[in-house]
Amino acid sequence: MGKGVGRDKYEPAAVSEHGDKKKAKKERDMDELKKEVSMDDHKLSLDELHRKYGTDLNRGLTTARAAEILARDGPNALTPPPTTPEWVKFCRQLFGGFSMLLWIGAVLCFLAYGIQAATEEEPQNDNLYLGVVLSAVVIITGCFSYYQEAKSSKIMESFKNMVPQQALVIRNGEKMSINAEEVVVGDLVEVKGGDRIPADLRIISANGCKVDNSSLTGESEPQTRSPDFTNENPLETRNIAFFSTNCVEGTARGIVVYTGDRTVMGRIATLASGLEGGQTPIAAEIEHFIHIITGVAVFLGVSFFILSLILEYTWLEAVIFLIGIIVANVPEGLLATVTVCLTLTAKRMARKNCLVKNLEAVETLGSTSTICSDKTGTLTQNRMTVAHMWFDNQIHEADTTENQSGVSFDKTSATWLALSRIAGLCNRAVFQANQDNLPILKRAVAGDASESALLKCIEVCCGSVKEMRERYAKIVEIPFNSTNKYQLSIHKNANAGEPRHLLVMKGAPERILDRCSSILIHGKEQPLDEELKDAFQNAYLELGGLGERVLGFCHLMLPDEQFPEGFQFDTDDVNFPVDNLCFVGLISMIDPPRAAVPDAVGKCRSAGIKVIMVTGDHPITAKAIAKGVGIISEGNETVEDIAARLNIPVSQVNPRDARACVVHGSDLKDMTPEQLDDILKYHTEIVFARTSPQQKLIIVEGCQRQGAIVAVTGDGVNDSPALKKADIGVAMGIAGSDVSKQAADMILLDDNFASIVTGVEEGRLIFDNLKKSIAYTLTSNIPEITPFLIFIIANIPLPLGTVTILCIDLGTDMVPAISLAYEQAESDIMKRQPRNPQTDKLVNERLISMAYGQIGMIQALGGFFTYFVIMAENGFLPNHLLGIRVTWDDRWINDVEDSYGQQWTYEQRKIVEFTCHTAFFVSIVVVQWADLVICKTRRNSVFQQGMKNKILIFGLFEETALAAFLSYCPGMGVALRMYPLKPTWWFCAFPYSLLIFVYDEVRKLIIRRRPGGWVEKETYY
């Protein structure tokens, strides 16, 4: 058997080269896959096919030959995409991004403890505790995130059922049913209605065969398959049937030309699994944030390391300080906060039918600036529906709404009765059994999409079609074929006063009209004159221009003299009239838009998101749906529209004058990347029609070159490469193929485009709320670090210890920080432009300056005020504390004098110091009350926003209760070195808390009064 042209190109080569060679080869393979499908089998005659594959076109291959080929090519199955082992996924959660910062902190803590253990007789265990706690935080949060993602991938596992199981092949002249994996190139295969196509086939004979290619090309209409070579493009020609598409009716026989990964479907799957998904925007934001925090920590650490050497501390002490400052800068609780916030949003989205596969995708949808949407099933209902009829010389509109709440038309006309009778009788579609309790539009139908649409329409308008068919029993029929372009049947007519036989016919409108000499108007036959022919032509063009599929209908009462009862009608040697019939009307069908889509597209537009339609369907249909859902808005013209309006050739119109643009896949094939960039840049409303899977990918890459964050929706296998390449891929849960669900980051459980808009809203909200959570969490870093810094510089007893810092970060601050995730939007977040990933960061300099430089400093003052009050009440006035550290911390000195000359032992001094730690901790809780309330909003006043967030109010009480518990619970002095406080000491920080609230309210007032002013530029994060 000859080895087929173009075959070598797709052989998955053995991976032998290393390093760069391997990478270059991968890139070359990807470029190869992005090219259009190249095959020439559809152009070959049957003799050439026989020579190329060595197959007997009647007897098939011999069993021995088939076994040889199977050994050479391997099984006819898609290579499963390389899956990430579970332990790698787990490690990613443990060591990715933010976790790394905490691990470094933990290692530094153990290092500091090691240094202390080696140099001191009785080292303090603080650093050891801190190291252990940091490690525990990372491990627990890592397990939590891993569990979240594993849960989503479990749902994914349940989707696997893509590949056909059995195939009917002819070998040694006998038909045999074999496992589809054993089909080989050159096999002679038979398929019938209801089968999945087992491999790429070159059809050699067919009988009324139609296939559903929607999972591959996106066309909702079944495509005819026959042995004829009808198009240069292998995806468009009629004599190739593709692996894993469905045969919906008829039978066909074909020769296998490609199997497994070499099939068109296989190439798409390989293309999808070979694409690298980029970093998600939120991951980039967290990385940016880590850089900032690390920068601040290292800067402070090194500055004070040098300062402590200048102040004549020893090297080892200076290193301990350095480590202490760096660790104090790490916000221990933030990793858990971010994870919990994203999880809460993911749960909220799941309730609204968006299943998110990885947590980071939650926010990506919020920063989306371009959505490339598939048409069939996403924007539309994925069911052909009767949209218009033309009879009695006027166009009537049918009801296309999902719940039949739309307009109706006049059903009393005698012509409509005749038209509905033809549509019901000349129709092979039937409702499947046992569905009487379902609404008509929801019932499953056996038959092609157009006939199902007619069946449902007639059932809704005129009652039971089954009864109609019983009343007019079918005698003979000629099924639709591509040469005649019509379908005809003859029925018994039981109506009194009418001839006994009724001939009904439907088909391509122009072919039907050619066979008619009269037309039915208001139930009366009239001769078909030029005027009526023009009226027909205008109606046909108008309906076709709406992107609808139009069928013509005619009938003839067969005279009883020529066709008495029992007449033998012969369909092979036609013995009845098929000309001079009576034209009755036109019916047009379309896959109508979903009800919620126009509103969703409008919301996207006001949110600054560009919606681009990318479909495999015809440009006219695509444009009609785009106009119907608002992707091309009212009054916006394409180049063709302008040319038609000005009555000039298209070539004379300047493309930049047109806001809207419909691009045909064949034009896209010849475009340079620069030309595509031009289209994406200068047109606001774009439709790509007749695109191939590879082109979808090129469009997504083009949008990303413009700096857009791209979301792609799709349900077919053909969408999977684009889904994988996009910043966020959105697959359909009901109609989606498994390959597309595997490639996507998010799944719409109800297949509705409107759910994406909900997702965008949730994504934007979580971004805003994460900012607030981070601002809240970071603020307490300053009152945690400054005591340590003053301890080094001013040589005073340590005002706040390590253990108390942990109680704040992992205790009192956690619930309030998470409660901000429940905060409602301040303004209509769907009215603003998408954020610019380059300039609008999650954590920017302004947020750091607010948290560290302004609010944090006021908090630190509150803490120090409490510290000095308690020290003074115990006899140590502020001026006496300066420089006392060395003697204070010396366990052998038991006679340190205070300002009044009283002597203090080491134990007594330490109890006062730990009481100060507790009081400083409580002061931070008190000032964090105000911080939590001001973090609710970034621009509005808290009085405008209100205190509707119940979780936040719970958080305020929870942190206060926790602080009181840690302070007053017996035994805390031993466990955490925390001692009970006098009630008056709680109030020391109150004025500072009030100051924070007033300061921030005034700042926000100025921002609202002077938008774009100095205060907004410097402090609005």
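Yeah, the Cβs are placed from backbone N, Cα and C, and that goes for glycine too.
Note that this is a predicted model, so its numbers are computed, not measured.
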So, Arg835 and Arg938, same side of the membrane or not, per Swiss-Prot? yes
Using Swiss-Prot as the reference, determine which range in 551-570, 631-650, 671-690, 771-790 is annotated transmembrane segment. 771-790
Radius 10 Å, atoms counted are CB only; among the binding-site residues Asp715, Asp719, which position scores highest? Asp719
Conformational class of Tyr258 (phosphotyrosine) under the three-state DSSP mapping: strand
What does DSSP say about Ser226 (phosphoserine): helix, strand or coil? coil
By a 10 A CB contact count over all chains shown, which of the modified residues listed here is most packed: Tyr258, Tyr540? Tyr258
Neighbourhood of Ser666 (phosphoserine), C-beta criterion under 8 angstroms, separation at least six: Arg690
When the number of other CB atoms within 10 A of each residue's CB is tallied over all shown chains, which of the modified residues Ser38, Ser45, Ser226, Ser941 has the maximum? Ser226
Is Tyr540 (phosphotyrosine) helix, strand or coil when read with DSSP? helix
At the Cα level, what's the spacing in Å between Ser38 (phosphoserine) and Ser226 (phosphoserine), rounded? 20
